[in-house]
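Novice: Below you will find the structure I want to go over with you.
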């Protein structure tokens, strides 16, 4: 019996090769997508899994309505949270990002870009595996340092480095611990350095450090966060209000309270509270959702194709069913047979999907910067389970449908199509049109939005400008001034300048800005040299730029951007206005100019209120330089850069590697990111639509085949080609129209949501909503029309006679 | 009305070549009721298809109502067909998804008859055939005899010059078959031209002339005295 079944199965597969192709290819793609998404989710979820504290440690963020959410906290919070809230066992303050320094051991200099600078209790939160030394000795004094095994090997060879002295950033440190990291972690440092001095305990304005709280096991974080909010009011806002001589209610009205946000260490990788996830980056949650949605839709469409095609082709197999029933096969056996057929096809798809994933995975790894492998038993068993469920589901419907045929009717030839089945099939076809239409609209709108972003004016000239990284070498500003003076002697160098913010790299320093009665808010503090605005081609709209002619420019003058001027309501006349700057309101600055807004963070990031100071006006920060900027001629770029490097090594810094970036490349990377996402969405949409169209084609082929007799009758009665085609297309067109109507609000809702992710976005375009139904109609005409036209050429005699 | 001279129809498959009609000539005058008989595979259905303009001969001449149609393209044949010929098939060939009324209406739609006129004519013909009370039913709700009446009604509704019937009683019990034959006789009596293919000698007795085919050639022709032996049933 099994042999007969296989024979019938394979012959049917051969006969209906189009159906099988549509079924198997659609499901293969859907399953492949699902495997990749699950691998990716698994990869992102594997972060911090090794950490025994993963469910008890929370990263705490601060939120105010005025300034949004900050990833960092202040040391004063750390102190009061620990002392006032019993559930908070311990608090860790650590730098949000890695630092990079030279680590020097007896002249053996190793450069590390992954140095975590922390309070001594770092390893209580991130207990990496100890290879040598001990954590207790690390915590003893602040000049103890910890090294990863790899880095220790680089520095000391195979000897244990414990007890050795290294110099980092002019500090003498003793290696206390050598560790290895057992899995993916929020911090994966090569070196753990301690803050040189204890952090100032009472400073409420110093938002500079990532803050982690370890709670007693099984504590409700919601309750704790409420307590934290109360502690902030009691310990910060109330004394602050008293100091200012206002009631707490008035204080809240004017300044608002600060509240905490949190994310568990276990979930940190995929949390979306902030733009930047941490030193090791964050998972691309949006991409994940898009991919998950797409693969589910692909599987759904494939299921619909499967069910539609097998029920529609059921009439062709009616005779087989009739004969089998007559010969005594029970209904149960029949159902089992037909389910098995479909299960077999689904499993073939599963195998193909595995092959496909193996082929695609290297590219996807490159795209999301991971190194996933398909050999993940957890993911594969989940997908396998899904495969089993899917095959049982889509198998049982056609199987029940088929096995319910009445043997006698079928054999006598008076078997007729069930109206109910046709309706269900139409509904499913409608869903497919809906999904395809959604992707068409999505594709069109995404295209328009991407063009809009990519063509947006960034507000400054980025061509020919190189940003050269300046490391912590001491006396940075003086060295920069020397560089600026000397480097222009190179005929290929046009000019050098400096601003703290490297355009495209963003906002790295902010402070409180108070102007008259306007509630204080956080503004970006950018430092810039006299010639910077001219150098970068940033337009001065009102007033002037900084100038050596005015000595006070290095003391108490600022230039604001448009956004800031608007925020304090002086856009029309900003010059001469005086503002208090800094968390302690200690100094008053005068506005001497207003510049046009430019994108100092990425072009996809909202422009924040920002003001410029001369570096010397902010002495604490004058040497905190990130990069100097040089404008060079476009000829002989390589040679020019070599000459600059030579000068740099001789006169500025010979220890750290010479690294530089072209500004237009920094921006190009962001463009590239968008382009890649756009391309990926395009490819997937084309896939989804193709699978849906293949399904439509196969279904049209079948339904038209079933209507050939009708066509022949109509033709005999004198119907023209046009009339017959209309008759055949009518039902499909009706479904397209109904789906299009349903499509508009659904697509509008989702695309509106998507657009809201962008700070700079287009208004919802209307055209895609008009074009898409038209495209669908054209596609139906093309796909079904072709089949219908062929049908009008039907051999009349054959169908009238032998039907 | 129909003048066929020396027509040849050959069917070719990959392996076999079958001559269905071999230099056959036939004339049917207006108002005649001709039966075509013969064993299976003698070419009678092929002849009917050619007469009905559903198929074209390989060779020979076919004058339909004075016009040469043997070499006409399918589109022109379709035009002539819908204006002039009504068909009745052995298996009725009604469209299952349409009601009796709609089935009968169909040729009128294709002949671009106005809606009000269509309604009048369909109702008239359903009345005349005696099936008016079933107008809203679907074909599958009717008995075979009733279905064939609907098919006849559909063939007649355009007032065709020629009615072609391909074994109209083949799928019916004898009572229903007899009813259908009487219906055709009545039509003949009122002046319709009918060509019918049949296996049944009994049915053939209703016609005015019986032609017998064998291997694509006419082997016998008999003018009927139109005496139907009712006792045969």
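Every residue gets a Cβ built from N, Cα and C, even glycine.
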Novice: Identify the transmembrane segment range according to TrEMBL, selecting from A:319-341, A:342-364, A:457-479.
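Specialist: When A:319-341, A:342-364, A:457-479 are checked in TrEMBL, transmembrane segment belongs to A:342-364.
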Novice: Taking A:235-258, A:259-282, A:379-402 as the choices, which stretch does TrEMBL tie to transmembrane segment?
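Specialist: Comparing A:235-258, A:259-282, A:379-402 with TrEMBL, transmembrane segment matches A:379-402.
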Novice: With TrEMBL as the source, identify the stretch among A:712-731, A:732-751 annotated transmembrane segment.
Specialist: A:732-751
Novice: Sequence gap of 6 or more, Cβ distance under 8 Å, 3 or more pairs: do the transmembrane segment (A:342-364) and the transmembrane segment (A:21-41) meet that?
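Specialist: Contact between the transmembrane segment (A:342-364) and the transmembrane segment (A:21-41): present.
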Novice: Could you tell me whether the transmembrane segment (A:680-704) and the transmembrane segment (A:287-309) have 3+ CB pairs under 8 A, leaving out pairs under 6 positions apart?
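Specialist: Yes, the transmembrane segment (A:287-309) contacts the transmembrane segment (A:680-704).
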Novice: Where does the mean pLDDT land for the domain 'ABC3 transporter permease C-terminal' (A:294-404)?
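Specialist: Result for the domain 'ABC3 transporter permease C-terminal' (A:294-404): average pLDDT 81.
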